[in-house]
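Annotation source TrEMBL lists active site at Asp125, Asp433. What TrEMBL records for Glu96, Asp125 is UDP-alpha-D-glucose binding site. What TrEMBL lists as Mn(2+) binding site is Lys267, Asp291. Here TrEMBL flags 20-39, 502-524 as transmembrane segment.
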Amino acid sequence: MTTTTTSTHLFTTRSAPLRHLYKLYFFTFLSLTLSLLYYRFTHHLPYSHHPYLILLLILSEPSAGPPTFHSPNPDRLPEDLPCVDVLVCTADAAREPPAMVANTLLSLMAYDYGPERLAFYLSDDGASELTFHAVALAAEFARRWVPFCRRFGVEPRAPKAYFAAEEGGGGEGVEFRRVWGEVKKLYEDMQEQIAYAGSTGTVPEETRKTHKGFREWDSKVDPRDHDTILEVLLKGSGKDRDVEGNPMPTLIYVSREKRPEHPHHYKAGALNAMNRVSALVNNAPFVLNVDCDMYANNSQALRHAMCFFLDPEQGHRIGYVQFPQSFGGLTKNDLYANGVKRIYEIEFFGTNAFNGPMYAGTGTVHRRESLNGRKFTPDYRPRLEDMKQGMGSGNVNWDELEAKAKVVTSCNYEMGKPWGKEMGLMYGCAVEDVFTGLVLHTRGWRSVYCGPEREAYLGMAPTNVNDTLVQHKRWSTGLLQIFLSDYCPWTRGLGKLKMGQIMCYSFYTLWALWCMPMLCYALLPSLALAHGIPLFPKASDPWFAVFAF
């Protein structure tokens with residue numbers, strides 16, 4: 001196995017063994033598939049699924065090739081790390097329960113990264129009072145949960161998953177069991193309050209008096225037609241502290257302005273709005289975005305990402321670091337393949353050899369400059385000292401923040417500006433994440449796929465056929481839309497992307513075409529057998545070896 005390291009060993013790159021044998025296999029495979037295509041056209045076969053299948057198989061080869069592994073060395077990072085802004089999105093309190101949103105936020109706030117260097121922004125496109133209620137309760141519980149995680153080094157740091165796995169306080173020491181019991185009791189109280197509000201559909205009046213933010217819902221709020229709602233729940237830089245006196249991270253709830261006559265661009269629009277709000281508050285050089293149903297399962301994930309960005313030899317070229325998505329609660333044998341294990345356990349490691357994977361939409365740490373439209377140039381060499389200048393929320397005037405945030409989250413703010421076209425997440429596509437990743441790659445940025453031994457994020461996948469079909473329809477139409485657009489990998493990528501990377505993007509954007517050969521192979525054998533039509537040449541025919549391969 002080939003191993004290379006950077007000059008300061010912030011991360012190690014390992015190539016799979018026997019790569020040359022794979023090249024031999026690839027050229028053998030290519031020769032035989034082209035031979036099969038030749039056979040198809042010279043023998044005038046009555047079925048035509050082979051060309052589609054052969055095209056897709058050839059395009060799939062680079063990502064299915066020998067994997068390349070990037071292993072971070074977080075123990076060699078400097079002590080004073082750059083700030084990170086964490087963006088969490090939710091849109092529907094019915095489909096994304098407030099308790100789940102609170103659990104995800106708490107898992108992220110307990111990162112082993114230093115709370116003074118973190119700021120969290122929850123985007124609630126549903127403008128739900130129940131979600132705000134859950135987040136406000138989570139902010140108070142975090143004052144006890146974050147120091148508990150730091151003191152005892154617990155994993156995972158999502159309270160729901162942790163307490164489910166540690167029944168009875170499965171740790172050593174009387175002190176641990178005492179604190180464990182106290183924290184669990186507080187967590188159960190929080191859950192009961194969230195559940196009660198959810199069952200009644202309203203927040204109790206005595207609870208509403210505890211935070212001025214509830215005044216926003218004194219009159220009915222229409223999720224599709226309302227002003228910006230912004231509430232600072234925790235103030236960073238030592239203004240808010242936990243029960244042990246340590247500073248808490250910044251936590252801000254935002255529901256951007258929506259009007260029926262203005263397009264809101266769904267998740268892409270929400271993330272772009274949060275990008276602008278975070279720039280007002282913290283303006284951290286790195287931005288992590290996480291879906292509200294994907295809780296942090298590895299408290300070291302941010303430190304792992306910094307190993308790539310801060311590497312003095314290769315870090316300046318990296319636009320984003322992608323972590324895998326892992327799922328729990330799947331049906332036995334994962335009947336609908338909702339775990340997408342082939343992509344996250346095989347293909348994305350293969351794309352590491354071709355400037356990295358596509359942007360998967362969650363569990364991604366972006367360099368803010370790359371996300372905001374900057375093109376990579378060889379002279380781009382950011383210094384760690386420059387990343388720290390102006391960081392932190394200590395200079396924020398919290399009284400003025402709301403007015404400024406309402407401007408940058410208004411419906412009219414993006415008019416005449418490059419948001420969604422040249423900067424931020426791209427608009428006009430159902431899979432804004434893949435589209436944005438492709439744009440960043442064409443601008444010269446690399447990406448890195450980091451798959452730590454302990455999964456970085458765990459979430460919930462669809463478990464029934466209806467939800468699966470809805471999700472697959474969105475993916476397939478959005479991906480095909482990219483291929484048919486001006487950003488087709490073959491038109492925008494030539495001269496900017498490696499050929500293997502172009503093939504990878506083409507394979508994913510043509511994913512919808514798999515239905516044609518799959519349908520043919522599902523129907524043709526039985527139809528051919530019923531009508532006595534041979535599908536393959538006889539064993540004595542020299543062409544049989546090609547089909548057998």
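Any Cβ shown, glycine's included, is placed from N, Cα and C.
Note on proximity: among Glu96, Asp125, Lys267, Asp291, the recorded positions of the record, the Cα nearest Asp433 (active site) is that of Lys267. Taking the Cβ of Asp291 (Mn(2+) binding site) as reference, residues of its chain lying under 8 Å away and at least six apart in sequence are, in sequence order, Val88, Cys89, Gly361, Thr362, Gly459. Calculated from their C-alpha atoms, the gap between Lys267 (Mn(2+) binding site) and Glu96 (UDP-alpha-D-glucose binding site) amounts to 14 Å. For Glu96 (UDP-alpha-D-glucose binding site), applying a Cβ distance below 8 Å and a minimum sequence separation of six or more within one chain yields Thr90, Cys292, Asp293. In sequence order, Cys89, Thr90, Ala91, Asp92, Pro223, Ser255, Arg256, Lys258, His264, Tyr266, Ala270 constitute the residues six or more apart from Asp125 (active site) in its chain with CB-CB distances below 8 Å. Remote same-chain partners of the transmembrane segment (20-39), defined as residues 6 or more beyond its termini with a Cβ less than 8 Å from a stretch Cβ, comprise 50-51, 54, 57-58, 61, 65-66, 543, 546-547, 549. Long-range contacts of the transmembrane segment (502-524) within the same chain, counting only residues at least 6 positions beyond its ends with a Cβ under 8 Å from a Cβ of the stretch, are 47, 49-50, 52-53, 55-56, 58-63, 347, 350-351, 354, 358, 434, 438, 475-477, 479-480, 482-483, 488-490, 493-494, 535. Here the Cβ of Lys267 (Mn(2+) binding site) has 19 other Cβ atoms within 10 Å, regardless of which shown protein chain they belong to. Every protein chain shown contributes to the tally, and the Cβ of Asp433 (active site) ends up with 22 other Cβ atoms within 10 Å.
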